[in-house]
Amino acid sequence: MKKQGVLIAPSIMGADLACLGDAARNIEESGANLIHIDVMDGHFVPNITFGPGIIAAINRSTDLFLEVHAMIYTPFEFVEAFVKAGADRIIVHFEAAENLKEILDYIRKCGVQAGIAFSPETSIEFISAFIPLCDVILLMSVQPGFCGQKFIPDTIEKIRFVRQAIQTLGKEGSCLIEVDGGIDEESARACREAGADILVAASYFFKKDSINMKEKVLLLQGEEHGAK
């Protein structure tokens, strides 16, 4: 995926689940860059969402890049199914997976991008060891599992830390920083300024208000106000 400024990834988890095809098409028409699909197993997080069948249905409804955020235990078992369903990138959780290096390598061998997600309470002091193995590092800015939570301010310092690590390793452009949760205009601005590359939002895009989705994409990108 070619990066042009901050990338916007609406999480389809926030949509009306009876109308996912329409939601995917609306996301594409809004000018967003990709669709974020939260897969939850009811064990790693206390919620259950989508599986490979739903991913395949979304894939049939859009040409956008599909990113699967696997909030599940034993993600290795589902990689092939996610790829066959149309995933372009698979992100696994540091806290949920054993043998992370093997999983990341396997994901890439399957022909798609790979990433690691970190929950808010997880230390990222060791992040440099994983950056060369990833296309994206996802920082959870809320507790994983549910929409509608408030942005955790400590995430901003984590973004700066990961950005510095990427620069030190000479991996600018090859490993992106993604922030997921509690994203609105204010938190998006702080994330952009700290060095985030991708912003994921669910409730922000799908709540009922007077701002259409295309305008919301522009607001998160900062384009309406000439921001970074």
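Heads up, the Cβ atoms here are built off N, Cα and C, so glycines get one too.
Of the residues Ser11, Ser30, Swiss-Prot puts just one in the substrate site with His69, Gly145, Phe146, Cys147, Gly148, Asp180, Gly181, Gly182, Ala202, Ser203: Ser11. Around Asp38 (active site, proton acceptor), the C-beta neighbours below 8 angstroms that are at least 6 residues distant in the chain are Ser11, Ile12, Met13, Thr49, Phe50, His69, Met71, Ala202.
According to DSSP, Cys147 (substrate binding site) is assigned to coil rather than to any helix or strand. Listed binding-site residues: Ser11, Ser203. The one with the lowest count of other Cβ atoms within 10 Å of its Cβ is Ser203. In the three-state DSSP reading, Gly182 (substrate binding site) counts as coil.
The local packing around Cys147 (substrate binding site), expressed as other Cβ atoms within 10 Å of its Cβ over all shown chains, amounts to 18.
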